[in-house]
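These notes concern the structure reproduced below.
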Amino acid sequence: MTGGSSSSSSSSFFSHFCSSALRAKPLGKSSDIVRPSSGEGLVRRLGPFDLILLGIGASIGAGIFVVTGTVARDAGPGASCVLNALCYAELASRFPAVVGGAYLYTYTAFNELTAFLVFTQMMLDYHIGAASIARSLASYIVNVLELIPSVKNNIPNWVGHGGDDIFGFLSFNILAPIVLVLLTIILCRGVGESSLVNTIMTITKVTIVVVVIIVGAFEVDDSNWSPFAPNGFKSMLTGATVAFFAYVGFDAVANSAEESKRPQRDLPIGIIGSLIVCVVLYIGVCLVITGMVPYNFLGEDAPLAEAFKSKGLNFVSILISVGAIAGLTTTLLVGLYVQSRLYLGLGRDGLLPAVFAKVHPSRHTPIHSQIWVGIVACILAGLLNVTLLSHILSVGSLAGYSVVAACVMTLRWEDKVDDTNVSTILASKRMEGITCITVIASCGFAAGILYRYSDSTLVNIFLILPVAIAIVAAAALQFRQVYKHPPGFSCPWVPIVPAVCIFFNIFLFAQLHYEAWIRFVVLSIVAVFVYAFYGQYNANPVSDDTLYYQRAPEAEA
């Protein structure tokens, strides 16, 4: 009897797990935007200009002052990517009323468990990234303070640069947690205050970048641009893998949906507008420094500053340090903002404790979520050598962006209808489409592995196979599925653009360190256990906000 009872209990647990994991968030049928019924929700204060600055604030940080120069040194003058932003812009336009970003899109397009996995993977990237940025910001602040003769060489390393490693991973830093506390207080006070700080800092750093480009343009020697790609395509791809993560502003803009004045119109403007500005600035800086100094002479630690020092322009180097402080501050500010909104979304849906769903009645900010995010960042930045964790970053972002691209396709497919036969046919077509998307992702990973470890022409020939299979799967998506045109901003050339986006993202995924893959698998297993023993019993996919989705119009007969 005991054995039978245990077996029945296990069967019941597994059955409940499957039914919960596979449920999706219900979609409203109207196209009107409904605000939260509670007076304690977030407040819509952000216009298109604020959203563009939010995206720029998230994207223009250490990347343009340090990483861009390093990529240029390795790859020569190179190029960038917009596919993920186009996918985000469409979904931000169709989910304009509440927070959630990639998590919310996945919850509605696929299922609850996949959405929770996307959240955990991206959130770990955000937590480690925030700690890393805080440490870099503290180090830059100390460097500027040391320009004062009486202060130089009198600041202990443990104040800003980080103390000596203990046990190989502990490294104390005092200034980084202090900076995080100050930014957390600003964010807790309200979106108006944080938006003002972001605006001032973003305008400052963009102005400095423009000055850097203009001054550097007079020092360019175009002979340094030949050859244009001296280390070949593989080095350019490695550089793209690094530079790709500078363009994360569109995720920040997408997560500000509930605080945007006219989200369906303004979110795509914020995403595309910030992306255009960032692309222009990044390309301008890359062209200037590779034109000023031969790519193979660019420095490792601060290539942009060293390029100007080599031309005797020391005042520009000081400007770069100031710009780096402003850039890192806004990047950190926006990163903490996005994390709190993601926790808010999961708290509302019951996948995390309800405390994360509480919004301050007068400040209209998720203070509990914001404080939690600040505490985690302070612990990581204050105690750990986050450099050791940096090589497991970005795997979650790449996976999350790939799922977002898949959401663009699945949400355009025909919906299920009441007629049983038609509903069965559509369900079968949906499964076929999801299979094709999975095949494209698998081919992207296979091609990435083959390319990464190829050392002969024969191996490169085998690259044709996964690429060919991916093309066939994309063709099946094109001709076997029916796509409805969505209202608002529309990603062009669906399903080709999202399919290429998925293939490219997973291809880059394969270029990451193997420890990043281990982190991906381990964290996924942990997330499944958390969901199994907490999330599935507390989740409530039916939100108080009855509408947050802009449904595509019905296809004409």
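For all residues, glycine too, the Cβ spot is worked out from N, Cα and C.
For 51-72 (among others), the entry in TrEMBL reads transmembrane segment.
Long-range contacts of the transmembrane segment (166-188) within its own chain (CB-CB distance under 8 A, at least 6 residues past either end) are made by residues 130-131, 134-135, 137-138, 141-142, 158-160, 194, 197, 329, 332-333, 336-337, 340, 360, 363, 365, 367, 370-371, 373-374, 377-378, 381-385, 388. TrEMBL lists 166-188 (among others) with the feature transmembrane segment.
Here TrEMBL flags 200-218 (among others) as transmembrane segment.
If you look up TrEMBL, you'll see 238-257 (among others) marked as transmembrane segment.
Annotated transmembrane segment per TrEMBL: 269-295 (among others), in sequence order.
Here TrEMBL flags 315-338 (among others) as transmembrane segment. Residues 54, 56-62, 64-66, 101, 126, 129-130, 133-134, 136-137, 140-141, 143-144, 147, 179-180, 183-184, 186-187, 194, 197-198, 201-202, 204-205, 208-209, 211-212, 215-216, 249, 251-252, 255-256, 302, 304-305, 308-309, 370, 373-374, 377 of the same chain sit 6 or more residues outside the transmembrane segment (315-338) yet have a Cβ under 8 Å from a Cβ within it.
Away from its own ends, the transmembrane segment (371-389) comes close to residues 127-128, 130-132, 134-135, 138, 162, 165, 168-174, 176-177, 180-181, 183-184, 188, 336, 339-340, 343, 356 of its chain (Cβ-Cβ under 8 Å, at least six residues beyond either end). Sequence annotations record features per position, and here TrEMBL assigns transmembrane segment to 371-389 (among others).
The transmembrane segment annotation in TrEMBL covers 434-453 (among others).
Non-local neighbours of the transmembrane segment (459-479) in the same chain are 409, 432-433, 436-437, 439-440, 442-444, 446-447, 450-451, 453, 495-496, 499-500, 503; each lies 6+ residues outside the stretch with a CB under 8 Å from one of its CB atoms. Marked as transmembrane segment by TrEMBL: 459-479 (among others).
When pLDDT is averaged over the domain 'Cationic amino acid transporter C-terminal' (489-538), the result is 91. Marked as domain 'Cationic amino acid transporter C-terminal' by TrEMBL: 489-538.
Marked as transmembrane segment by TrEMBL: 491-510 (among others).
Taking Cβ pairs closer than 8 Å, the transmembrane segment (516-534) reaches residues 17, 21, 112-113, 116-117, 120-121, 124, 351, 391-396, 399 in its own chain, all 6 or more past its ends. Under the heading transmembrane segment, TrEMBL lists 516-534 (among others).
Tertiary proximity for the transmembrane segment (200-218) is limited to same-chain residues at least six positions away from its ends with a CB under 8 Å from its CB atoms, namely 53, 56-57, 60, 64, 277, 281, 284-285, 288-289, 291-292, 304, 307-308, 313, 316, 319-320, 322-323, 326-327, 329-330, 333.
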